[in-house]
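> The compositional bias 'Polar residues' feature in Swiss-Prot is assigned to 1-18, 131-149, 453-465, 578-589, 602-611. Positions annotated as region 'Disordered' by Swiss-Prot: 1-21, 129-150, 438-465, 566-645. Marked as motif 'Q motif' by Swiss-Prot on the basis of a curator's inference: 21-49. Residues or ranges marked as ATP binding site by Swiss-Prot on the basis of sequence analysis: 65, 66, 67, 68, 69, 70, 71, 72. According to Swiss-Prot, the motif 'DEAD box' annotation covers 210-213, on the basis of a curator's inference. The compositional bias 'Low complexity' annotation in Swiss-Prot covers 439-452. Sequence annotations record features per position, and here Swiss-Prot assigns compositional bias 'Basic and acidic residues' to 566-577, 630-645. Marked as coiled coil by Swiss-Prot on the basis of sequence analysis: 610-664.
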């Protein structure tokens with residue numbers, strides 16, 4: 001490992017014992033050493049050894065480190081130490097530290113690691129325990145507590161959109177008076193807009209932006225700008241990411257004061273800088289589209305030991321929705337597939353993520369780039385990228401879900417033979433080199449992520465490695481299995497059509513457009529790879545002269561039914577109505593050979609007035625349903641609960657009024673200029 005830092009004096013190379021936790025200056029508290037020991041971390045990682053002393057010594061830091069290098073503890077420990085070394089406790093409803101992450105999953109992960117630390121700090125653990133027991137009602141004068149109210153303690157609060165309402169978050173904030181907030185940008189901004197939440201110069205200490213480059217991405221800039229306007233300029237700020245260098249022009253504008261820039265990288269066998277952990281082997285596999293799923297089956301089945309947790313990356317949410325039905329019929333029964341993407345409701349995302357993290361059997365997560373950044377999923381052995389990422393920056397983050405914290409891992413990216421092979425050289429230029437995925441033999445399990453065969457540059461027995469062999473018969477058999485499954489339920493056919501179209505749109509928007517070209521695609525090969533019964537109607541196929549039915553014949557589209565009875569009933573009613581309409585207008589019914597029945601007129605093809613009336617009626621029904629649910633909940637409440645609701649509503653109304661007045665008032669204070 002090599003560490004580089006700016007604006008600090010050069011130091012001699014650190015020996016291995018200097019990465020001991022008790023060798024830090026200033027020293028860590030005894031309870032933190034106990035917590036770290038209980039977590040099983042015997043030594044600091046290079047990023048922790050470089051960052052913790054500087055962040056604790058009143059320095060702003062910009063940290064670029066390979067994924068899985070321990071960045072979370074590198075900022076949590078300094079934050080906790082700073083707050084617990086204050087001269088006096090932070091005032092009620094005043095905030096001492098804010099930790100911002102781009103996703104709910106990553107924010108939850110940071111919060112859980114923080115709770116694990118605080119479990120070893122007596123006053124903080126006691127306060128959190130009392131908060132749980134009393135449902136948020138904390139009595140600081142409780143004589144049963146062994147710690148006086150003046151004792152310094154950490155009280156965190158997790159703020160996530162979609163899981164709680166802003167009203168519930170504000171209510172919890174007022175009851176618990178947390179001094180550390182872990183949040184996503186949008187929900188944090190809503191809380192900071194309240195006049196009851198204070199980030200004064202006397203109390204606010206630290207701001208941390210995790211996955212900083214993504215936080216500064218489109219969609220987060222405006223929220224960050226407003227958040228920074230509400231924070232004092234005299235603060236410590238830390239930015240942590242695996243690829244800070246690509247967003248440094250924007251990061252400089254965030255408001256850091258003379259930051260120390262820390263870059264922790266990996267030295268490869270040829271002493272070249274790499275941006276990936278040495279314990280992670282990154283490989284590629286050149287394979288035609290029809291061979292991808294057989295290759296997935298081969299890899300997960302032959303690796304030894306069998307990967308307990310694997311991640312399959314797709315380019316779109318629709319592809320995940322489709323393949324969650326397809327893969328169980330392709331893979332061995334011992335593997336469980338779990339879908340996760342950004343369009344799932346928050347409760348489903350959290351449920352599936354927890355299910356995957358806590359799985360005790362071999363599990364495969366089917367996901368998009370929503371699970372590519374920051375998530376520390378324990379013991380991920382294998383990452384397979386079915387689709388190369390649209391944004392090349394995501395490649396590194398996808399691979400980094402495996403090989404974390406020194407654990408060995410394997411990453412494989414699938415590329416089509418031909419022009420896509422140029423992506424290999426493209427990755428080398430970006431200091432993320434990949435080697436060809438190979439098997440030890442055709443009869444023995446691959447040992448590619450075992451210690452004896454791990455190094456791609458110097459394998460123990462290089463002559464025993466061979467490219468994996470997927471036959472045409474394997475590909476044909478897989479396509480037939482998929483089509484047999486699709487024919488059982490028209491809903492899966494619909495998902496296949498949507499997924500294929502969304503995949504094509506994603507492919508056409510690839511930033512490396514000279515490598516990933518729609519004009520080079522083999523449509524019939526792709527259709528068979530996806531198990532389609534026919535190619536969807538798309539502008540890209542306007543000049544296509546091949547077989548749109550992909551060799552599939554004998555499908556009775558009129559009687560091709562949905563498994564869901566209600567949905568099938570609705571389809572048949574639509575079909576009958578359309579048939580009668582065609583008979584009345586044209587004297588003849590539309591035959592089934594014309595293709596699938598068209599959907600009823602959309603909002604774009606009906607009169608504007610009817611469309612507006614339809615939307616208004618939906619809104620009225622939704623509002624009536626909301627009021628009905630509210631009255632049902634109100635009837636079940638006790639008088640005490642009703643009183644709390646009234647108080648909360650009064651507070652929210654007061655907040656709204658104050659915010660409106662604040663927006664209407666023209667201030668002459670210096671404004672944050674934002675990101676160019």
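Sequential numbering from 1, following the chain as shown.
A Cβ is built for glycine as well, from the same backbone N, Cα and C atoms used for every other residue.
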> Report the member of 68, 70 (the binding-site residues) whose C-beta atom has the most other C-beta atoms within 10 angstroms.
68
> Within 10 angstroms of the C-beta of residue 71 (ATP binding site), what count of other C-beta atoms is obtained when all protein chains are considered?
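Looking across every protein chain shown, the total is 27.
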> Summarise the model's confidence over the coiled coil (610-664) as a mean pLDDT value.
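Computed over the coiled coil (610-664), the mean pLDDT is 78 on the 0 to 100 scale.
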> Mind checking which residues of the chain, 6+ beyond the ends of the motif 'Q motif' (21-49), have their Cβ under 8 Å from one of its Cβ atoms?
1, 3, 14, 56-57, 63, 65, 69-71, 73-74, 77, 80-81, 84, 116-117, 119-122, 262, 264, 405
> Return the count of C-beta atoms lying within 10 angstroms of the C-beta of residue 65 (ATP binding site), excluding that atom itself.
29
> Looking only at 69, 72, which of these binding-site residues has the biggest number of Cβ atoms within 10 Å around its Cβ?
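For the binding-site residues 69, 72, the Cβ with the most other Cβ atoms within 10 Å is 69.
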> State the three-class DSSP label for residue 68 (ATP binding site), counting H, G and I as helix, E and B as strand, and everything else as coil.
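Residue 68 (ATP binding site) sits in coil per DSSP, no helix or strand.
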